[in-house]
């Protein structure tokens with residue numbers, strides 16, 4: 001049995017005039033994440049974890065922020081494409097665990113919706129996808145409310161014989 005672990009991380013600055021999207025869920029807040037795409041840090045971290053576990057590079061290699069094709073892109077679409085590429089490389093996704101770090105807004109009311117969206121995008125049952133919401137206890141740039149970060153790990157299993 002060939003198992004692979006991948007780890008992903010992303011952070012984006014909070015700015016006025018943009019919607020806040022995490023895990024494909026639009027969250028009511030006076031600021032949103034700044035980025036080339038919709039800046040969904042949670043989807044980006046999971047996408048990076050998948051690519052890393054499959055040794056396929058990272059999100060920037062596949063969806064560069066210098067490419068206008070991805071300007072304003074829905075990160076769930078990018079995640080689904082990452083899933084397709086990982087499966088094409090011969091891997092099945094076993095599970096995903098993730099953490100969003102944000103001082104504000106309070107994310108707990110949205111975690112189950114995020115989990116549901118992500119499970120659908122990953123082609124997994126929700127019991128194989130976990131989303132946790134944490135604060136940084138008012139420490140650093142995240143604690144000052146300057147941005148939001150996300151971490152993710154995934155486990156892949158190869159369908160190929162070694």
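Here the Cβ of each residue, glycine as well, is placed from N, Cα and C on the backbone.
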Matching residue for the divalent metal cation site, where Swiss-Prot names 10, 12 - out of 44, 62: 44
In three-state DSSP terms, the structure that residue 135 (site 'Transition state stabilizer') belongs to: coil
Lowest local Cβ density among 12, 36, 44, which the record lists as recorded positions, within 10 Å: 36
Chain-internal residues, separated by at least six, CB under 8 A from residue 63 (4-CDP-2-C-methyl-D-erythritol 2-phosphate binding site): 37, 70, 73, 78, 81
Fewest-neighbour residue among recorded positions, criterion Cβ within 10 Å, set 37, 135: 135
Nearest recorded site to residue 65 (4-CDP-2-C-methyl-D-erythritol 2-phosphate binding site) by CA-CA distance, among recorded positions 36, 44, 135: 36
Other C-beta atoms that fall within 10 angstroms of the C-beta of residue 65 (4-CDP-2-C-methyl-D-erythritol 2-phosphate binding site): 13
